[in-house]
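Trainee: Sharing a structure here in structure tokens format.
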């Protein structure tokens, strides 16, 4: 992660002819070739910060209930089945919402799609303060959980703003810092509750008022996305469609090319047992430590928070590892990295279920497990941007939706009702991780190869991405962005390929910033 050079702090203007110029070096597709974490340079880094923060707020809203569950449980008279059903509801709503979000990103852009979803789901957060029954609790968790589809727009956004050598890192940090909300809320909600309670509110009232904090956060994040976000480096979708700089695609074509690409389905399955497992742990870990080891509410919250808070470095670390492996071994390195890290995460999950006799061992293994399962999420989205260019949003949605499907199935099978003890469910979940990671070996890119087989002789990235366009569309130049992406993805073939053609900065650094 490069720090922003001081010389770049002066705002620039548009180049002659109206072509946008940027504060960051970009490639021929106007995607940033560097990642300045602490910069707000528009549009690349400003969109990055809008993406991760809005997703962070949605995560806080979705998992605001579990830290206060002992209080909510007593107030509403929730049974173990009620709690299990609500946990499933909180992650099931986003399954189809993520598919819809991916399609919306392809058709109208990530800025409008993200802000609309966040605003539409915000009322459910506020309604959490007035629920009176188990069914009301289930409904607010379901509708609030739909906001997690903002993850898809965040990943699509980063894949549109950053070049191939940095896309894994950008996706990893945006997703990781967003997921950080799942850990932060474990600390936030008990503190907010205690503050309100000490002012003089009864426990019955205090936990209800506490839900206004995540509600306000989510509201303001949507407004910020609309005010400061931008769909693409060259402008918003509406402008690009009007000027003819971007082809306005049809839903049918986007859907067809996504559904017929088997790589997207495999990544959806494997992501179901990385991110899906993370969602499951977010729902059960607080109550598990509270009940199993008889700790108080704040201690259980701190332990649960440590799992989610690991995202500050674990998921970005996975994205960074993906980019580093690509620089040395190309796409094959990205695939091997994902399989290895996620499999180790599965083994650690099994161990977590076995060491339930020891509080210290359980905490230690859980923290270690969190790093690997979250890094696997970052590694996954180091691969997703290369699966398809025409249907990038829907492929991202399929993968993200797979995460939610995995969470729903895992919670239903292992953590629903009283069939399994929680520690037993955790152990079986680890075995599922190991098994569902194996299909990564089947992913193969003709131009770059797969885990076990090298590239096909003569195959090129341009040929791979151009197959998504008809001869007529190619003649019209609709595939121009796909061609530029192929040119800038040369290092995915490994070190020898990269030495033969490094991506170029088409906008010089010392003349670059943009007011677009």
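Glycine residues also receive a Cβ, built from the backbone N, Cα and C atoms like all the rest.
I grabbed these lines from TrEMBL:
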| type | residues | note |
| --- | --- | --- |
| REGION | 489-516 | region 'Disordered' |
| TRANSMEM | 50-71 | transmembrane segment |
| TRANSMEM | 112-131 | transmembrane segment |
| TRANSMEM | 138-157 | transmembrane segment |
| TRANSMEM | 177-196 | transmembrane segment |
| TRANSMEM | 208-229 | transmembrane segment |
| TRANSMEM | 295-314 | transmembrane segment |
| TRANSMEM | 335-355 | transmembrane segment |
| TRANSMEM | 361-387 | transmembrane segment |
| TRANSMEM | 394-414 | transmembrane segment |
| TRANSMEM | 426-445 | transmembrane segment |
Trainee: Looking only at the recorded stretches 177-196, 335-355, 361-387, 394-414, which one has the largest tally of CB-CB distances under 8 Å to the transmembrane segment (208-229)?
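Mentor: Looking at each of 177-196, 335-355, 361-387, 394-414 in turn, the most contacts to the transmembrane segment (208-229) are made by 177-196.
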Trainee: Please identify the stretch among 138-157, 335-355, 426-445 with the greatest number of Cβ pairs below 8 Å relative to the transmembrane segment (177-196).
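Mentor: The stretch I would name here is 138-157.
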Trainee: So, do the transmembrane segment (138-157) and the transmembrane segment (394-414) meet, by the test of 3 or more Cβ pairs under 8 Å (sequence gap 6 or more)?
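Mentor: When sequence-distant Cβ pairs are counted, the transmembrane segment (394-414) touches the transmembrane segment (138-157), since at least 3 lie under 8 Å.
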Trainee: Any chance the transmembrane segment (295-314) and the transmembrane segment (361-387) have 3 or more Cβ pairs under 8 A, given the pairs are 6 or more apart in sequence?
Mentor: yes
